[in-house]
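Asker: Here it is, the structure, as structure tokens.
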Amino acid sequence: MGTRRVLVTGCSSGIGLAVAARLAKDELKRFKVIATMRDLGKRMALEKAAGDSLNTNLEIKQLDACCEASIRECVNSLPDRRVDILVSNAGVGMIGPLECQSIGAMKELFDTNFFGMARLVKEVLPDMKRRQSGHIVVMSSVMGIQGLLFNDVYSASKFAVEGFCESLAVQAMKFNIKTTLVEPGPVVTEFERKVYEDAEKMDLSETDEETAKIFREVYLPYSKKIFTSLGQTPEDVAEQTVNVITAEEPPLRHQTNRLYMPMTALKHADPTGRLPLDAFYKMIFKHDAVFSATLGLLRMVQRRVGKR
Ligand SMILES: NC(=O)c1ccc[n+]([C@@H]2O[C@H](COP(=O)([O-])OP(=O)(O)OC[C@H]3O[C@@H](n4cnc5c(N)ncnc54)[C@H](OP(=O)(O)O)[C@@H]3O)[C@@H](O)[C@H]2O)c1
């Protein structure tokens with residue numbers, strides 16, 4: 001197989017940046033990377049990470065996932081408009097009590113996380129069909145499998161992404177196009193920093209005192225513990241994304257964090273949904289000590305695995 005052209009979105013930081021840099025530095029030189037970002041003023045971190053591969057195996061272009069014209073312009077600028085692999089990664093987060101979030105803000109989040117991905121797929125799919133080849137890789141989340149309190153809207157956007165890809169995958173198969181949902185658990189990136197920064201500043205006056213207290217005193221510390229205990233690096237997620245891209249038979253779904261898998265497994269273990277509901281409720285509201293001890297244990301396992 002010759003060099004494959006990969007278009008990655010959201011490469012100014014985090015997972016997108018790590019995926020683009022990792023693909024561009026591939027020892028076997030299997031990829032030409034079109035690393036895109038909405039604001040080219042933020043290109044420095046990627047340029048640094050790309051090193052010698054910049055302008056050889058990696059080219060930086062502007063693309064705003066919320067703007068059809070910018071997506072078209074980017075794809076039109078490529079020879080034969082050819083995109084062999086699309087990595088739709090651009091995404092934003094949102095946490096907090098529902099009463100404190102405006103419908104406008106929810107629509108904006110969907111515009112990036114769901115419609116951004118749908119616009120990209122619409123743009124590249126017809127060409128992939130004509131060529132009878134291609135791979136659509138979408139950065140989803142474990143929250144596209146299992147919802148989490150105070151992540152209602154973010155989780156809904158990832159469920160939408162999952163439903164879209166799962167439906168499309170069958171039609172795509174008929175045209176020899178592969179579809180993969182990469183599902184990271186917590187990853188330590190700008191995403192986490194931005195979400196917590198917004199949470200600290202959030203006006204909680206629209207919700208009742210008990211909910212505000214649960215959000216501030218239970219959820220936020222709980223969530224931070226999860227990130228420090230189970231959080232992966234963007235480079236780790238990038239490595240696994242490359243494995244998925246180069247697999248002979250790429251899976252429809254790939255969860256990147258083994259330590260998070262017991263939480264998502266609950267969903268499949270009980271079709272009534274009671275098991276995950278009870279487990280999350282008890283974990284968060286009843287057994288804080290057990291929860292903390294479990295995270296401590298997982299942290300140890302993580303370190304041991306990391307050393308190997
Ligand atoms: N971090 C996690 O814990 C985690 C877990 C599971 C899944 N994910 C998913 O992984 C993906 C990447 O997130 P990350 O953790 O790497 O966060 P990040 O460091 O904040 O990166 C997000 C990227 O998306 C870009 N972006 C946002 N809106 C865009 C738009 N309209 N058009 C083009 N680019 C846009 C951002 O650009 P700007 O710099 O211009 O804002 C940034 O480059 C997201 O889809 C996220 O939902 C993250």
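Cβ coordinates are placed from backbone N, Cα and C, and glycine is handled just like the others.
Look at TrEMBL and you will find Tyr154 tagged as active site, proton acceptor. The NADP(+) binding site annotation in TrEMBL covers 10-38, Asp64, Lys158. According to TrEMBL, the feature substrate binding site maps to Ser141.
Locate each feature and note its surroundings.
Answerer: Neighbour list (Tyr154 (active site, proton acceptor), Cβ cut-off 8 Å, at least 6 residues apart, same chain): Gly93, Met94, Ile95, Leu109, Asn113, Ser141, Met143.
Following the DSSP three-state reduction, the secondary structure of Arg22 (NADP(+) binding site) is helix.
Under DSSP, Ser141 (substrate binding site) is assigned to coil, being neither helix nor strand in the three-state scheme. Within 10 Å of the C-beta of Ser141 (substrate binding site) we count 28 further C-beta atoms, all protein chains included.
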Asker: So, three-state DSSP: helix, strand or coil for Gly10 (NADP(+) binding site)?
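Answerer: Reduced to three states, the DSSP call for Gly10 (NADP(+) binding site) is coil.
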Asker: Checking the recorded positions Ala18, Asp26, Ile34, Arg38, Ser141, Tyr154: which ones have Cβ within under 6 Å of ligand 1?
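Answerer: Near the molecule: Arg38, Ser141.
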Asker: For Arg30 (NADP(+) binding site), just give me the three-state DSSP call.
Answerer: coil
